[in-house]
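> Got a structure for you, questions after.
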DNA sequence: ATGTATGCAAAACGTTTGCAAGTTG
DNA sequence: CAACTTGCAAACGTTTTGCATACAT
């Protein structure tokens with residue numbers, strides 16, 4: 001986290017473009033958004049933006065550590081600002097509801113994987129499927 | 001678990017076909033197999049079998065609780081016999097290695113989700129992404 | 001005989017690519 | 001002005017669908 005994201009881009013030889021600003025802004029405002037949803041949002045401001053640009057930008061922003069993605073269901077992945085993504089997702093197979101829980105819930109698991117196997121968990125990518133209170137048999 | 005799977009199918013009005021037997025057998029022998037791999041295996045015995053039949057059969061077998069799937073990477077999901085699937089997957093982002101760990105490693109997480117939120121976890125679908133010992137920075 | 005299951009071909013879906021034209025620094 | 005970025009269109013891998021035919025019960 002050194003400098004603004006404009007500086008982060010330039011420092012690595014990338015350029016600041018309107019498209020990139022808009023995609024980052026859309027990820028920030030939408031949260032849990034698929035590439036298609038992000039593209040829709042961006043196009044509200046700049047009509048011509050193509051979905052392939054959105055994909056390329058998301059890949060870049062993820063590489064820079066500004067956004068992350070998770071798979072919450074069968075279809076497209078969803079994107080988050082990395083700075084707001086420090087949580088685990090619960091997905092209910094019954095009603096589809098998505099709940100975010102703090103990372104402390106998996107602290108035990110994470111430290112056991114670390115201690116027993118030397119495995120470093122990507123907590124932000126973790127999604128737990130199951131059934132919520134209301135949808136249980 | 002009442003009766004053979006032939007009986008389970010018939011009891012629900014489904015039919016026992018060679019294709020279904022072969023798909024179940026392929027899932028059993030291959031483990032961690034994608035639909036395409038399963039299809040390949042099935043075709044070693046019965047040439048004409050179509051991939052769409054494999055998809056339809058996997059969906060059916062999953063509905064019946066005989067197989068489960070997980071997403072171990074970006075591409076196609078992989079299938080397991082449900083009876084052999086009682087483990088959690090670790091996927092290393094560095095080398096791609098897949099490790100299976102016993103369900104006891106997530107016992108703490110599962111019971112906390114249960115106690116705190118009434119959430120029933122599908123342990124078999126759980127996949128943890130991260131970096132293994134050899135691929136850590 | 002009846003209705004389920006299959007093969008085929010085509011469409012749907014999400015994502016990636018090559019390339020010429022446009023923009024950024 | 002040179003390099004990076006974009007839009008477009010086409011290709012890609014995976015999954016789903018409609019429909020006529022074949023098969024299990």
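Any Cβ shown, glycine's included, is placed from N, Cα and C.
Found this in TrEMBL, in case it helps:
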- A:92, A:95, A:132, A:135: Zn(2+) binding site (BINDING)
- A:107: Fe cation binding site (BINDING)
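Could you tell me the structural context for the features on the list?
Sequence-distant contacts of residue A:132 (Zn(2+) binding site), defined as residues of its own chain at least six apart whose C-beta falls under 8 angstroms from its C-beta, comprise A:90, A:92, A:94, A:95, A:97, A:99.
Residue A:107 (Fe cation binding site) falls within a helix when secondary structure is assigned with DSSP.
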> Rounded to an integer, what is the Cα-Cα distance in Å between residue A:107 (Fe cation binding site) and residue A:135 (Zn(2+) binding site)?
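Their Cα atoms are separated by 26 Å.
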> For the recorded Zn(2+) site formed by A:92, A:95, A:132, A:135, name the remaining residues of the chain with Cβ within 8 Å of the site's Cβ center, in chain order.
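In sequence order, the nearby non-listed residues are A:93, A:94, A:96, A:97, A:131, A:133, A:134, A:136.
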> Would you pick out, from the binding-site residues A:92, A:95, A:135, the residue whose Cβ has the largest number of other Cβ atoms within 10 Å?
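Answer by Cβ density within 10 Å: A:92.
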> Going through the binding-site residues A:95, A:107, A:132 in order, which have a C-beta under 8 angstroms from some C-beta of chain B?
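The answer, in sequence order, is A:132.
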